[in-house]
Each structure stands twice: as structure tokens, then as C-alpha cells.
Amino acid sequence: MAKLDLPVYIKQELTVTIIDLSYQGLGVAKVEGYPLFIEGALPDEVVDVRVTKITKHFGYAQALKWQKFSPERVTDVDNRYLQTGIAPLQHMTYAAQLDFKRKIVTDLLKKAHLETIAVEKTRGMEHPFAYRNKAQVPVRKIDGQLEIGFFKHNSHDFIPMDNFLIQDKRIDEVLCSVRDILREFHIRAYNEVQHSGVVRHILVRRGYYSKQVMVVIVTRTAHLKYATEIAAKIQSECPDVLSVQQNVNSAKTNVILGAHTNVIAGTSEIEDQLNGLTFKISAQSFYQINPQQTEILYTEALKRAELTGDETVIDAYCGIGTISLNLAKQAKRVYGVEIVSEAITDAKRNAAVNGLGNVTFKTGEAEKWMEKWQTKGIKPNVIVVDPPRKGLTNSLIESACAMQPDRVVYVSCNPATLVRDIQKFMELGYNVSQPILPVDQFPQTTHVECVTVLSRTNLNDWD
Ligand code: SAH
């Protein structure tokens, strides 16, 4: 094999200047044009590093010593959160995090030669910690004791914790109570090497307004010893826990939840409010994890839909109907589609709970239903899409444009697929008509959420 002619070699120690931050939050330095990625390093810093991995086009290095720090560095951070990936941007000031998230979007647009599309400042939180309304925490045995914690990045090293930094503080307290109760009943923690033991994860959800708490104990075995006694103790120690459930996941997998969930005590769901609407949330349903920012996200999406009350609107990827019901308050009729049937059951119930009769929910692939609605002659004035990270398919974009809505409001959790999809919409006669708005749903992490409006240009008007 020909030797790679690279400007660095493995284990080489050198001093580099950080010129950028990758979208995963790694510092980027260039050695004769060859990029090196360095965890924990920030732009403008000068760092002594050791090369740890090289490939043909880029390499990785470990920071050894800082020669110069960035003014954007936060110094009093607990490294466990960086190591476990809970808060990979925690070492950056929040203002710099918000700029970074905006820059991810502008850089992607520039790469696609779309630099004329404007991007607003990222809408951030006042207190960017303790925001998560849901925790899914692994359980393991460390030094003979059942512990809750997190795994180090790319490793099987488990770090016990009782403060998870970005979760609702009450969720952390409930997690610690459940941990102590499981210890008291001598319940065994899961061992992934031997695929033995019982409790794999503890999932806790808490309503931001309702303050109702749900605890789900995820077990490898269908049988959980003392289940009733454990649930009773959890509810007596934490009176705000309305629901204790067991989810069984006996597979050798990284996926957290198994297919089957049963109620041990209390209700099968909790409820919460968003923008004044009530939502029932079950253990398995998707529900946005940052309630305060979700209200901003939905309000901004709704504003951009420009509804007057006469419109027909499609909400593709509707989950439990959170966006659909916000739209239904201001539109004539809303059609929602979602692939998870339990979510559609929740969505229908949520429509009824809120007394909104002008919504139709369908289970299935958004692509298929868009086509069906199109052939049925449904003419949406506005289409809202909120797809998972992989973004939209060509067929969905084609069906959407074929229906000729005035506007498409695109809520995106992945700017890379957003920019790719914008290009397809542009080929089909739609243009980004307002600055893209990033909303920080995930402070301290590298995730970026955006609202984009695509409006029909005159291109289609002659047909
Ligand atoms: N708009 C909702 C949900 C957004 S998350 C909210 O804000 O809460 C994206 C949703 O798309 C998930 O509920 C997921 O189950 C659903 N989904 C994924 N692929 C899909 C597909 N091909 N068709 C329809 N829904 C899909």
C-alpha cells in the first residue's frame, strides 16, 4: 500500500491554533491544509496537542496544554458532562453557543451557494440549564452498588451521577429516590456484557406546567420482583409521581425502550400544557423535551403560517398533534399524519380534550398520505413539516409542491438536511421568503433547531 503523504503522523506532538468549531463541537486546526479535530478546544485558542488518529482527509488530536485560552471559555465546568456527552458545549459561554448554532446554518447555506438567505440570531433561553422534561438514565452496578449515571463518550465506562445538569431538577431528585428504593429492595442492575441483571434504564418525565411525574422502569426481564411494593414506595416518597410503569426490553440492543409497557401503579399517562393547550403524554410518545423553547418554536412557526381562519393546513410528522392543534385554533381544517399509531391515538384524544373538532389525524407515512390527499383533491394553503433528522424525501417534497400551497413552514432539527431540502423546494418553485430562525431547543449541546418559511414564487402561477 502506498504510504499516505500527510503533514502529521500518529503520536506527533505539536502546537496548533484553533480556527473553527466543527458541527459536533470539536475544535478545528489546520496543519498545511490538513484538518485536525480536537475535543475541548475552542476557536482562537492555541493548544499543544498529540495526534491520536489519522485518515486520508482529516485527523484527531488530544489537547495536552493550552498556550492561549478563548475569551468565550467557561472555566468552572465539571468535565464529567463533557466526557459523557451530556453537555458537550458546556465549556463555551452561552452567547457563543448561540452564535455557533447560527453559524452552522449560515456555513451550510454558503456551501450550497445560498448565502443570500438570511439567518436570524438564535433564540436562546434565559437559564440554559435544567430544561429537559424527560430523562432516560442507564442503570449499572458499580463497586457492588446499583447506580444511575452516564457512559463516557465512545466507551463502556460508566460514570455514576446524581446531578444531570440539563434535566429538570425535580427529575434528578426522583431518579435518586428510585435508585435508592431499587437498592433497598436489592434489585439487580443490568449487565450488558453478560446480558444479565434486571433494571436497564429509568425513564422520568415531568410536566413543566402540570408538575405531574411519570416513572418508567425499563427491565430486561418481564418479572420485576416487588414491583407493587417498589411503586408504592416511590409514590409515598414522591407524591407528585402519578404514574409508575414497567417497560420490558429483553433484546441485546442500545435502543432504550422495548415494545411492551405496563402500568404498575397510577395512570398510563401524564399531561402537560403547551401554549394553553393540554396534551396527554404516554410513555412511548414523542414529546418535545424543552417545553419553554417549544412554546417559542411553535409560536414562531404559527406566526409564519399566517393563518386567518379560512385555511386548510397539512401537518406532516405530527407526533401527538402538538403543532396540529396550535394550527387548528387559527385554521379552518388541519390534516395531521404520523407514522407511530400510538401517537395518533394520543393526537385524537388531545384534539377532543381541547375541544378542537376541525382536525383529521391519519396513521402512516407522510409521503403516502400526502400523495393520497393530493389525489383526493385536498388543497392545503399551508403545509407544515417537522421531520426527523434525515429530513424529507424527494417524493414528499414533490407531493407538497404539486398541491401548490402558498407556504411551507419547515421545522427542522437538522440544518444539513434542511439546506438540502431547501434546494429541492427551490427547483420546484418555492423560495425562502423570510430569514431562517434558529431556536435553541438543546442548550449546552450541538443540536440546532430551525423554522424556515418557503413561499410559492410566480413560477407556477401561469399554469
Ligand atoms: N411535530 C411533532 C413531532 C415531531 S418529531 C412535535 O413537535 O412534537 C417527528 C415525528 O415524525 C415523530 O413523531 C416520528 O414518529 C414521525 N415520523 C418519522 N418518520 C415518519 C414518516 N415517514 N411519516 C410520518 N411520520 C414520521
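The backbone N, Cα and C atoms fix where each Cβ goes, glycine too.
Taken straight from TrEMBL:
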DOMAIN    7-65  domain 'TRAM'
BINDING   Q288, Y317, E338, D386  S-adenosyl-L-methionine binding site
ACT_SITE  C413  active site
ACT_SITE  C413  active site, nucleophile
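Annotated features taken from TrEMBL, shown on the structure.
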residue	record	Cβ within 10 Å
Q288	S-adenosyl-L-methionine binding site	21
Y317	S-adenosyl-L-methionine binding site	19
E338	S-adenosyl-L-methionine binding site	28
D386	S-adenosyl-L-methionine binding site	24
C413	active site	18
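According to DSSP, the secondary structure content of the domain 'TRAM' (7-65) in residues is 0 helix, 33 strand, 26 coil. DSSP classifies D386 (S-adenosyl-L-methionine binding site) as coil under the three-state reduction. Of the recorded residues, C413 (active site) and D386 (S-adenosyl-L-methionine binding site) place their C-alpha atoms 8 Å from one another. Residues Q288, Y317, E338, D386 are recorded as binding S-adenosyl-L-methionine; their most distant pair of Cα atoms lies 15 Å apart. DSSP assigns the residue listed as 'active site' to coil in the three-state reduction, outside any helix or strand. When secondary structure is read from DSSP and collapsed to three states, E338 (S-adenosyl-L-methionine binding site) falls in the strand class.
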